[in-house]
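Feature annotation from TrEMBL assigns domain 'Nitrite/Sulfite reductase ferredoxin-like' to A:48-110, A:345-398. The domain 'Nitrite/sulphite reductase 4Fe-4S' feature in TrEMBL is assigned to A:119-272, A:414-547.
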Amino acid sequence: MYRYDQHDHQIIKERIAQYRDQVRRRLADELTEEEFLPLRLQNGLYMQRHAYMLRVAVPYGMLSSTQMRKFAHIARKYDRGYGHFTTRQNIQYNWINLEDTPTILEELASVEMHAIQTSGNCMRNITSDEFAGVAADEVIDPRPYAEILRQWTTFHPEFAYLPRKFKIAINGSKEDRAAIAVHDIGLTVVHNEQGEVGFKVMVGGGMGRTPILGSVIREFLPWQHVMTYLEAILRIYNQHGRRDNKYKARIKILVKAIGADVFAAQVEAEWADIKDGPATLTQAELQRVAAYFGSPEYASLPSVDAEFEQHKADNKAFANWIKRNVKPHKVAGYASVVLSLKKPGVPPGDATADQIDFVADLADRYSFAELRVTHEQNLVLSDVQQSALFALWQEAKAHGLATPNVGLLTDMICCPGGDFCSLANAKSIPIALDITDRFNQLDYLHDIGELELNISGCINACGHHHVGNIGILGVDKDGSEFYQVSIGGAQGNNSAIGKIIGPSFSAGQMPDVIARIIDVYLRDRIENERFIDTAQRLGIAPFKEYVYATPIKSFEQHGEDAGTVVSY
Amino acid sequence: MREIIKDKAIVQDDWTVLRLAEGETPDAIEVPAGKHIIPLQVWLIQREELSARLKKTQDLAIWFGSAEQAKDLGADAALFPLLAVDFPKFSDGRGYSIAYNIRSRLGYTGEVRAIGDVLRDQLFYMQRVGFNAFATREDRSISDALKGLTDFSEKYQTSWDEKNPLFRRTERTGLSA
């Protein structure tokens, strides 16, 4: 993985000094809260419902075991002993003191990490495929480009005060695992007919109150031009994006208003002036960065390990875990392992300091000391020998990290919601916990099969509810919390925005609502049909009809107060 | 006379920014004598009358509103001793692209000044996109603001101040560990 050189270190060091002084000036009242706001946001610091929240960047979701251990240390020393992995492949700490933040940033810098641009109206931390570099279906490894773009976006002077936040995702596999269609810019690394490497450029996707899938504005952009072309996009957006209404300020609104073709033409015109300039990427720089992402020293192994196959045959629980949580690898004899952070009773994406340390240990022992964070809020050990999977499974199980539910209903994406977030209209964690409780039978869960259920506590859609096969959105009605349900959303190559099935429900009704939706699916599915395929084939009508046919009783839900529902 | 930051030093400044009061329009407003930074729209509408004065006295400058574009002034830019960009709110980032375009597209080499809600913590970025003068907010210490220009000694990407990205300027080979 990428390692800082002296220039990277220098830049981070100067950032911390700058930020330390900004905090000092804020505490001395030399900066108003209004002035401090964008400064702290661009350092990842939010003011939440109860305390400050610090969002630390995990660039394109990749980190070392040393960096992971630092996360555990920060959780113990500066927070309440746990962290929350997010859909942006970052980690968040929910109980942070402002005064501690410069020192936390110093601790992070000591392991080549930072919190730069994890928030604010700027280019955010770039996300990518959690299996980048190891996926069996990978065409081109996107990580060198992701790192080059990380550096390009870092403190870009012209684009630090954009109309709104700006998210870039990059994918290099056949299957899109980076949800590129719902990003401000979605890049796919591709070959053209001549075999040259470049990008398919998608722009103007996003969720929030106006969910829109991105439009392709260029089928093939040679890799050398990625920075100048993105600069052209950003310059047009910076000048023409709406600033009168924050809800209409994202680039998707601009692209939709003028049309993707017109927007593309403006970008091309802007780009013509800077194309081939000094910001053009060089082969030497690409090679330098790519060298950091070379393959580890893989052993030469048979593609099938007999003992592993035997364990699978003998042990159904292990076989289930392999089926759901272990993914194919490009190298024979290896696999990638998803450690589920979706255990019953725990908010999706949360991990204790002990678990974080433990996962770092696993990475050291089983996976070349490297890890990934997924945008579904799980963790990945990317390079595990098949022969080690059984031992790894037993260890992970003992630490509550082997719930065999990846890709299933209980592997939910869920934002922190009203328990923590000051924007939320409704809680989301208790809904996730209640639904997980309801679907606690593993056989049943496996029978239901692949299903993405995504929960957001408000219209900002941090929980990606629009692209959930089942989406749940918390809404406020006359001061009470209710939940709107949509069906048919999808991420990936066939991205779609879900459709709302009808009037909203109370929290206590939600497990039954989901159960009824599943009943319709099980009733109407054709053999081997996934939920999303049934939903898209039938439309929302049969679901709507069944869910609303008779009243749904409300049951008593989990605790009310933030933090109190959490049990590890 | 107020103080501004110009070319990394605190200097006295005798320009006055002319802003339209409510009810005033660019066509009807009369530009008073003396050094004035006038709205772009006033110049575009009164160009004929103001040209002669500009040529003779060089006491006119232009300020861009954040919704305006460098190209709206076009080749006329070269006529002025000073171009300013207004920041109605420090968080309105359009002015950064305007300044960048004033330098890189119009090729303007004179003074480019940031006016309005200009604060210390924006200055480093502002100088990178082409500003060399800053009329910082008068209720804040200008000597404190001056420190904002030196927040960073290194930068990754190109802008107006730095034509080459870090990877073209320096050999980046060393691993840190």
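Every residue gets a Cβ built from N, Cα and C, even glycine.
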Query: Between the stretches A:119-272, A:345-398, A:414-547, which wins on the count of C-beta pairs under 8 angstroms to the domain 'Nitrite/Sulfite reductase ferredoxin-like' (A:48-110)?
result: A:345-398
- prompt: Taking DSSP states H, G and I as helix and E and B as strand, how many residues of the domain 'Nitrite/Sulfite reductase ferredoxin-like' (A:345-398) are helix, strand and coil?
  reply: 27 helix, 14 strand, 13 coil
Query: In the predicted model, what is the mean pLDDT computed over the domain 'Nitrite/sulphite reductase 4Fe-4S' (A:414-547)?
result: 95
